Amino acid sequence: GSSWVAAFLCFIILLTTAGNFLLILLIVTQRSLRNTSNYFLVSLFMSDLMVGLVVMPPAMLNQLYGRWVLRGDFCSLWYSFDVMCCSASILNLCVISLDRYLLIISPLKYKLRMTSCRALWLILATWTLAALASFLPIKMGWHELDFEIRSPNVTSRGDEDQCRLLVSLPYALVASCLTFFLPSAAISFTYCRILLAARKQAVQVASLASNVATATTDETTLQVSRTPSQPAAGSESRRFANKHSKKALKASLTLGILLGMFFVAWLPFFVTNVMQAVCSCVPAGFFDVLTWLGYCNSTMNPIIYPLFMRDFKRAMGKYLPCCRRSGEPRPSAISLSMRNSNSGPRAATSLKNVL
């Protein structure tokens, strides 16, 4: 049974490391992806990459051997990196949601408000808060009930040494509020506002399309004859409105998947962590499963976010044929030359192009 567990955990580690590293490399190498909003994605992928490189391998060894096989001094250091990287990942998700919210409510003023310097300051503040919630309390021993520094944070269980972070209730409440509950409330608020804005925009576009279609129909009824090849304005407007409503529905599903994956991964762990600080009644094996469930959020982030972002799809389509849209054929040399020379027949102007 341990061989299957080892294979599964190794697969999770490799997928987390490879996915985050490739996306960071993609953003750095592609000029179209080097913008202010993607700075936050680079910070998110960097924190998830550190989870895969620094946090997961010792956790896998601890899970397989049932004891801490590394040096005892590394136990507190490993847990400090564990708390910092996971906290930075959650805080980066919060900053990304705030960035998307600012982009939705004021798209014209976004570039003036969210400059590169401010984006870097936000990223620095995110990592500083994550470090202050991890290294400082653990090194100073503030996470213990008696505020004493216990040298390697290794608890003795028979002949085997277990590396487990035993936290007090005040530290569990303060750290959980700063790194999860408050950021998750901000993420839920911003994504709900984005969803409402998308639905409002869909209603406005549908009403605009219907008004234009009505005006066009009234004008065509006054004409004596009508060309057979002229497209029906009403059907064109309805098709455009339905397409925009489908986009709004897709945005709703995307936000639902993002929020669902985030809360499924981290909410059980933080609730159980507070319960463990209150009563110390949570089994160690169950707590380890919830911990790895939280780690898997770092595995899913580089899969979910680029999957629903058009710029990443286009950039990845240059290297991976499976990421290229099926209904989008490759442009031939003739079509490219005609497009560049502005020659050849132009498509007839329709209601969709006007809107």
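Cβ from N, Cα, C; glycine included.
As recorded in TrEMBL:
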- 6-27: transmembrane segment (TRANSMEM)
- 19-305: domain 'G-protein coupled receptors family 1 profile' (DOMAIN)
- 39-57: transmembrane segment (TRANSMEM)
- 77-98: transmembrane segment (TRANSMEM)
- 119-138: transmembrane segment (TRANSMEM)
- 171-192: transmembrane segment (TRANSMEM)
- 248-269: transmembrane segment (TRANSMEM)
- 289-308: transmembrane segment (TRANSMEM)
- 334-355: region 'Disordered' (REGION)
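A mean pLDDT of 80 is what the model gives for the domain 'G-protein coupled receptors family 1 profile' (19-305). The listed stretches are 6-27, 39-57, 77-98; of these, 6-27 has the most Cβ pairs under 8 Å to the transmembrane segment (289-308).
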